[in-house]
Amino acid sequence: MEDPLIGRDSLGGGGTDRVRRSEAITHGTPFQKAAALVDLAEDGIGLPVEILDQSSFGESARYYFIFTRLDLIWSLNYFALLFLNFFEQPLWCEKNPKPSCKDRDYYYLGELPYLTNAESIIYEVITLAILLVHTFFPISYEGSRIFWTSRLNLVKVACVVILFVDVLVDFLYLSPLAFDFLPFRIAPYVRVIIFILSIRELRDTLVLLSGMLGTYLNILALWMLFLLFASWIAFVMFEDTQQGLTVFTSYGATLYQMFILFTTSNNPDVWIPAYKSSRWSSVFFVLYVLIGVYFVTNLILAVVYDSFKEQLAKQVSGMDQMKRRMLEKAFGLIDSDKNGEIDKNQCIKLFEQLTNYRTLPKISKEEFGLIFDELDDTRDFKINKDEFADLCQAIALRFQKEEVPSLFEHFPQIYHSALSQQLRAFVRSPNFGYAISFILIINFIAVVVETTLDIEESSAQKPWQVAEFVFGWIYVLEMALKIYTYGFENYWREGANRFDFLVTWVIVIGETATFITPDENTFFSNGEWIRYLLLARMLRLIRLLMNVQRYRAFIATFITLIPSLMPYLGTIFCVLCIYCSIGVQVFGGLVNAGNKKLFETELAEDDYLLFNFNDYPNGMVTLFNLLVMGNWQVWMESYKDLTGTWWSITYFVSFYVITILLLLNLVVAFVLEAFFTELDLEEEEKCQGQDSQEKRNRRRSAGSKSRSQRVDTLLHHMLGDELSKPECSTSDT
């Protein structure tokens, strides 16, 4: 048996007295500080580059870690700011229309409740106070000079000041002593901007998009030339025909209809008059659609995506540089003689300290020696900075994360008894997973039978409802066994376990409340809402597909793609929020039962009246319909008629150009390339796992990466050519 590099005794009683990274950096030995920095770098957490070289580095790091420990509060406040838009009463309602906004059916409003004026002010003041602390806290670890020279900090401060002024103006507006008219509020827009600036992934995506703006505008100009030229040909060609008399009545009308035809939303309706007059006219429209949709659109996508990858490579390179800077700082702490190299014994001391953290596990001397020799390019039994960075990366990727000792370790007589060890061994075994999968299948059958009987209003559904209640407590038992076996912290690391935990408890509590609550309580006595949660629980059946070889790669790829896509989907959501605020400001209140013009529009004809911009929830749903291009010209033409101006069309055209032609196409292209890249990685790992029997018999398995490591590997593999360019290694992001 291999001798471990670090024995269990050196971990401080099973790791319960772990050294906090912040304490190690501020008060630890050079090796403890270096280990904490390496651990931070491997976690993808970067201390601000400016404070790494400060003489007060330890004290600055202490305040930085205090700031990061409050991340949950900061994050909740970001979302609270954003969600306030959904619960604020629309500003047009403050003008006291007749009837009032309380008549939701008259204005086709959403069902979310509105905050009162007093509640809204209190909400804004609380979130603003937290935001002020969050904005100015970095001065404690960056220092005033660095803080006020950062453009990001200056923009944040400007947004906070604007938000403060807006809240003050709103307060004066609501008071009886001030003005009684407020035409505009900037707060809904500033909240979204603060949300973007405060979340690094969204901020990086915004920087990425701004970097490719020039390329996008160039290709957009080419698209405009194509559209203008094709519209001119159509206007001239059909001038004296029925098409020209009814549809292409002017060049502006022709341009408008040809733009919609470019999106195929009005195909073939727009050219039916021409087709009736001459079947040969279809040749023009068919060629236009083929060239526009299948050539010009894809040309735009190809050019934009190429620019996108170039900008993304710069960001990935920047993150690599941040990680390398952290590792260089750690290397400098170990290299006390400033020789530019460290030996194997110094590395061993470093990794002894790394066992205090969760990222890197215990490593045998033999395994560490093999890795060290493999990366020692000069064969002098010493490694330089470059080799040190490779060593840390190899350790992080080759070995699994160390499990955090369970709290039940405090009761060794029970936890380490023979019965307990047998139980924990069973929970860790595949048989336990098979048993839960079998129960899931039976539960799925029960849900199908119960819902079918419920639709048929059969009294036979009662026993099946009881069965679902029993299944709920079986899942509670499963959850308890996993927590007992792995410990809560290890259990909670897995996203699937978090999903199971939340859904299981909500269902069990809801079902219990339904059984014991009197029928007078309509919310709990009505179990319809629980049925949707039961269907959510059935999503766990997707895991069964992981056992099927032909589906395993697809499911694993999908799971990996989710976190890498979130910044781009989040950016689309933020753009929707900004456009929703504009829509409520410009179009709010136009859709109402007393507007005679409304019932002459296509919104009324198609029964789309609920999809309006009268409040924020309805506006977001309407924008989603525009995003997926579902009859989107209906809203554009209807609001043109309701406002009586062509300028309203710019709102919808700009939305199409930004969200659909740019953002949504980028997401589609990214998914396609990332999917095939992930399949290649899966195939490589499969081949590597079959290379030798020695690798299959390793005590710690290769390729067991964390989610962040898989995303990082995916991006580096996907952007390999771009990252290899010289400019990527020197670009300043």
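Every residue gets a Cβ built from N, Cα and C, even glycine.
Judged by membrane topology as recorded in Swiss-Prot, Pro113 shares a side of the membrane with Thr451. With DSSP classes pooled into helix, strand and coil, the tally for the topological domain 'Cytoplasmic' (142-158) is 15 helix, 0 strand, 2 coil. Sequence-remote contacts of a segment are chain residues at least 6 beyond its ends whose Cβ falls under 8 Å from one of its Cβ atoms, and for the transmembrane segment (283-303) they are 215, 219-220, 222-223, 226, 230, 233-234, 237, 258, 261-262, 264, 267-268, 271, 274, 661, 665, 669.
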